[in-house]
Every structure is written in C-alpha cells, then in structure tokens.
Amino acid sequence: MFRLVPRCKGRCISKVFSLLQPRSPLFSTAINSLQVTSLGVGNENRGIDFDVLFQSCTKLHLVKHLHALLVVSGKIQSIFIATKLVNRYANLGDVSFSRYTFDHISNKNVYTWNSMVSAYVHSGRFQEAIDCFYQFLLTSGLLPDFYTFPPVLKACRNLFDGKNIHCLVLKLGFEWDVFVAASLLHMYCRFGLAGVARKLFDDMPFRDRGSWNAMISGYCQSGNAAEALDVLHEMRLEGVNMDPVTIASILPVCAQLDDTVSGMLIHLYAIKHGLEFDLFVSNNLINMYSKFGIPGHALRVFDKMIVRDIVSWNSIISAYEQNNDPIHAYGFFNEMQRFGVQPDSLTLVSLASIVAQLNDHQSSKSVHGFIMRRGWLMEDVVIGNAVVDMYAKLGVLGSACAVFEGLPVKDVISWNTMITGYAQNGHASEAIEVYQTMEECTEIIPNQGTWVSILPAYSHVGALRQGMKIHGQVIKDRLYLDVFVGTCLVDMYGKCGRLDDAMSLFYQMPRRNSVPWNAIISCHGVHGNGDKALKLFREMLDEGVKPDHITFVSLLSACSHSGLVNEGQRCFHMMQEECGIKPHLKHYGCMVDLFGRAGQLEKAYNFIINMPIRPDSSVWGALLGACRKHGNIELGVYASDRLFELDSKNVGYYVLMSNMYANVGKWKGVEKVRSLARDRGLKKTPGWSTIEVNNKIEVFYTGNQTHPKCEEIYNELRILTARMKTLGYVPDYSFVLQDVEDDEKEHILLSHSERLAIAYAIISTPPKSPIRIFKNLRVCGDCHNATKFISRITEREIIVRDSNRFHHFKDGICSCGDYW
C-alpha cells in the first residue's frame, strides 16, 4: 500500500521511478519529464499533464502507477487530484482502493464525500453507501448539497432510511431540485408507494422532462402500467416532447397492457422525430413487438438498426423463442456468432429454451457444458433456473433435479420450475413433495407462479382439500382475480369433481381473453356436458373474446365425450372458415376420436387418409381405441401397425391391441402382442386409484393386498357383490384379460383398483356422504356397471375420474349414459 509523503528530492524520485518501471509509454514520458524538472536541468515551466495521464488510465494497474506518481510528486495533497483518483478507482471497479485513497485525504470537502458515496453505489455496495453518507453527516461538519442526494436515495434498501433522507432534503430545501425530486420519485416507487411519489410529482413547481421520465419509470417499476400511460398523456398535453429515455420507459408499459395501438403510435413518433435508430429505443421496440406476438415487426426494427449490441441480439433471439419459433431463433444465434458477438448469460437463457422447444437432447448437453465452463451456473440463479427448465421440458427429470440440487442459491423461481417440471411430466406426487419441501424453507415466499405450478398437480391426483387450502392462500394474497391463478383454480375444482364451484369462480374472475374460457369449456367436456360446453362457447363469442386453437381442442373433445358428432363437425368447420385457425394434429385427433366413439370407424379412417398433414401417433391411437371399443380387429391391426412405426416405445398402444384380442378371446394374439412389448423392454403401466380421506391421499393398486385395512376392504366387497347379484348384477368376464377360470376372473374383477378405493371409502366415511375416486386408466365396463349398483345400494354419489373423463354415479345411473 502507498503512504503519503512530502515532496522528495530529485535523487529520491529517480530511485523510486527506476523501481516502478511503468509499462505505458505515456508514463515513461511523464517520469522523464519529472526527473529532469526535479534535477533543475530542464525548463522551469516544463511539467506533467496529469489530465492526460488520468485519461490514459484505462486499466487498474496503470491507475496504481499513477497513484504512485502522485504520491512521490506531492500532487496527492491536492483535494481535487485525490478525489479524481477516488473516482478513477471506482470506475474501474476497485472500490476498496477508492476508500483507501479517500481515507488519506486530510481536508475532505462535499465533493469528495459525494464521490465516495457514488463510488459505493456504482459498485452495488448500497449499505456501505448509506453508512458513508451517515458518516459524512456525523463527522465532517459539512452539509450535503443537491449532488449528494440522488446517489444516496438510489442506495436506500429500506423505507426507514428513505424517509430519514427525505426529511433531510426538506430541511435543507432541496425538495424542488429536479434531480433530487426525481430520485425521491424513484425511491418511493421502488418501495411500492406510487401514490406518495405522485403527490411529490404533482406538488413540484417545475417539472422538466427528467421529472416526467422519473414518474413514468416509477409507475413502471411498481407495476402500475395504466398510470404510467396516463402520465405520458399528461406530459404530451403540457407540450413536453418525448426523448429516448421516455420512449424506452413507456414501450414496456404498452407491452404489459397489450396495447398494440399505443405501442405503434409511439413507434411512429420515434420515426417522425428521428429517434428510432437510438440503440435503447430500438431494443425496446424489438421487445415490445415480441410481447405483442409480432416477431416479424421486431425483425424489421432489428434489420434497420445501424448499431447493434449484445442486447439487440438477445432481444431478437428472445422474440422468436418466446413466440414458439425456435428454428428462426436458433438461426439468429448462429448469425450473432458469425458477426463475432460473444453470447452472455441472457443469450444462454434463451438458447436453453430454444433447445427444449426443438427437443434437441444432444444440444442440451452442449448448452449445459458451455454454461459450466464459464462458471455461470454457480454465479447466476437465473441461468441455473433456465437449465433446470430446459431439462424438465425435455423430460430428463434426473438431470433437472441434479442441477436444481446443485444450485448454490435457490429462489422462488427455482422451486416453481422444479414443481412445474414434475407436474408437466405426469409426476404429480413428486411435484407435491417438492412443494412441501419448499414450504419448509421459510425464506422462500410463494408467488403467483407457485400456485400456477402446484394447482395442476393437485388437480391430477384429485387432492381437493389441498387445492382448497391453496385457494384460501390465494385469497389472502389477493391473487384470486389474477387470470392465470384463477384459471388454475377453475381447472382444479372442475377436475376434482366440483363443477358448480368451478363455474362460480369462473364468473367472478376477469374473462377478457380465451384462457379462463378454455378451462371451463374443458371442464364441462371431461364431465360429458357437451351441450353446456357449446353454450359457454357461444357466450364467449358474445362477449367478444376471440377463440384460439386450444378453445377448439376443448370443444371438439367435449363433443366427442358427449356423442355430438354433427356439432363437432360444425365446430371443426367454423375453426377454419370463420376463425381462420389452421388445424393442428390435436384437432385431427379429436375428430378421429369423435367419429370413432360414435362407431363411425370407416368415416374416422377416411378422415385420416384425407388429412393434409401426416397423422401422428395420437391420431392413429384414437382410431385404435375406437377399434378396441367396437371390436373391429382388422382395422385395429392396421392402426396398430402404423402406431408401432411412429411410436414403438409407447406401451399403451400394445395394451390397447392386447385388450382388443382378449375381448374376443384370441389369446394367441394377446400373447403375440405382449411378447412383442416384452422384447422391446416395455412394461404395462399399473392401474391405480386414489381417494382423499381425513386429509390423506390413499393410493390403491389393482390386486393390492398390503393396505392395513385390506381384510375389511375385501370383506366389504364380497358383501356388496352378493347384494349386487340379488339386484341383477352379472360379472362381465370379457374385461378380464387373462385366460383363467371363471372363479379367478371374478376375483380379478373384485380387486380392480377403483373397487378397492370405493370399498375403503365406504368403511372410512360417514354413510351417504359422496365418494370421489381418481383413476390413472380408463374405467373398465364391468367396474362401471358395478359402481352403478353400489351407488344404488349405499345411497351415495360416487364420482370417478378416469384417464378420459368424469363419471357421476347416483341412484344406479351414470352421468355418461354409458357412452364413454
């Protein structure tokens, strides 16, 4: 470290500089000049131009050489020079040397203190900036000036400090200085007190463009997008023109409000006033058009840019990635590299999403490796979350979990990503376990994304009580009117069999876009209420809400489950002709299912043959399911051959084909299909059913013998079966898919998972209370028939949700009308 010394004699200076051996030619010239001057040989007026030296110090080691030169020359005694050195160290990122230099300045002035506070703020050390400010007040005997307050207000990380500093501003009479006032606006908006900020703004005697920008930016920071746009209109009415800062601040507001008209008008203003080529304006225009879902407009802005930085490239890549066009997004990433622009961590966040959308497993490892080599995974939780999300979307949950566990810091988004990953890959129980572990982390506060992540998992397993608990928390957090959270709640109640509650919640929430409508239409579809689904669709159109492709998937599925063939055909025609929506494979699959369930197998086959795009496994799978239901083995074999070509690893198709042979007693065909599945290493998914009793989810597998109440359950089933037979029940052995004796077949039917769950509910819940069962596979015909008898005998409503739809059994009748 350096020590301040008085001016040295020429000989001492020569010795010092011979040791320093600076690397810069400019330093060498300066040193020679100083040596000559000190020895009295040169011109008396010849000296060192320290301003030039300060400008040449672009590296930290050069500043240290300059520091040494200032010490030995005695120039460090100048408060102006010393403060300039404080600023230079701070600008190069070494605030510790700034502080060291600052501490050795004997007679500090206000400018010196302001510089030190600003140095801390510039380096992100906000608490040290506040401490330095308080030290200034308590020890210097000086008063702050209007340059002091903007950086120190920016450093405030709690409202208590902010209010104290505001009081000092008022005491010193700086409240109407435009820079100080703008900083106060930002500070209060940062703490969510936009109302306080607005009062300060309204009371300002003079408002320059910076003040207007501060208020607009403040509203943006606090999430008050509509108010930000109102301030912009006031600004324009007062004749204050927008500058690049104004435009860059307001464009994200237009995107947030989905206000395409205002966004385009501001773009037009930028063109008219020659601001469209400003780098920050262009970058924000790209982001705005991306949020509007118009990547083509974003590309036009990008193509016209004269100067592009890494933000520009990240923005255009993100524009296509976020609008589900990974191929073009990946193309821009390659183009960026051809231009020699090195990717940063945000580029890799987009690239991880692109790889997931492309289902590119090989590239996912390359992306992960690239991130690891740069150490970003350990430094930036955002990029860690992106890698977890990438693996989860690729279905590689082992890798997703490993990355998640290895993150040094996990924020709420990390947990949400892991929960969503499990839920979307069909692992609802694991998603719930992750959520329960998250609850134990007291420093993690659940947010909107948490509820949107966990509610589908509760829906999947039918955990109604846990879902209702989340509903209570949502009300407490005042998020019940959030369209995404509200939609998940509607979906949860609908899929847990509480359709009335789903409808009640649906009519309480905003319905300005298609998201909640799609959810409630889908809920009615899985309950077999096709007519109600169509009625809701007409209401949606009457309210001016534009349907999307998901709307028609829900509608066509509802028509299929209800046997509304003609109505489904009309919807399919309307989607294309009136709404201009090009059918996806899911729409074609729904149409095949619609015809197939109704027994119109030839029509379903012809529909597939005439498809303008190549049918995928879901389309052929719908046909195979219909062939199994209606016993058309010849067409079923044809469909299964196509399926095995497209998706030979899906065990469900082998099970469907095997069951179709078993239904007609062709046991050789059964063995052939099962042998083929075994040779390919495939195992049948075990059937299970869940029921929630006393706030606990009980899981029953077919043939389960391990439950603590196993003996009571089977005894209850035997009693029920005997009573059912007196009412006319006859076991349907065609649903036993093994070639065994009739006694064994009856026992197999008796031990199906849904019957075990129903018997357990009967012995564990009050008489006549409803029973809700959730099953991972389709309910078999014999269990469907038996459950009708059980509902009549026990006088209970039994609600069963299988893999396709809901069945409401009451008084010996099922809501599906035996059409499923």
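Backbone N, Cα and C define each Cβ position, glycine as well.
Since this is a predicted model, take the numbers as computed values, not measurements.
Here is what TrEMBL says about this protein:
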- 728-820: domain 'DYW' (DOMAIN)
- 109-144: repeat 'PPR' (REPEAT)
- 208-242: repeat 'PPR' (REPEAT)
- 309-343: repeat 'PPR' (REPEAT)
- 411-441: repeat 'PPR' (REPEAT)
- 482-512: repeat 'PPR' (REPEAT)
- 513-547: repeat 'PPR' (REPEAT)
- 548-583: repeat 'PPR' (REPEAT)
Helix, strand and coil counts within the repeat 'PPR' (482-512) (DSSP): 21 helix, 0 strand, 10 coil
Chain residues outside the repeat 'PPR' (513-547) and at least six past its termini with a C-beta under 8 angstroms from it: 483-484, 486-487, 490-491, 493-495, 499, 502-503, 506, 554-555, 557-559, 561-564, 567, 571, 575, 579, 581, 801, 804-806, 808, 815-817, 819-820
Same-chain residues at least 6 beyond the ends of the repeat 'PPR' (208-242) whose Cβ lies under 8 Å from its Cβ atoms: 178-179, 181-183, 185-186, 188-190, 192-194, 197-198, 201, 249-250, 252-254, 256-257, 259, 262, 266, 269, 273, 275
For the repeat 'PPR' (411-441), residues assigned helix / strand / coil by DSSP: 26 helix, 0 strand, 5 coil
Secondary structure content, the repeat 'PPR' (513-547) (per DSSP, counts of residues): 26 helix, 0 strand, 9 coil
Helix, strand and coil residues within the domain 'DYW' (728-820) as assigned by DSSP: 38 helix, 16 strand, 39 coil
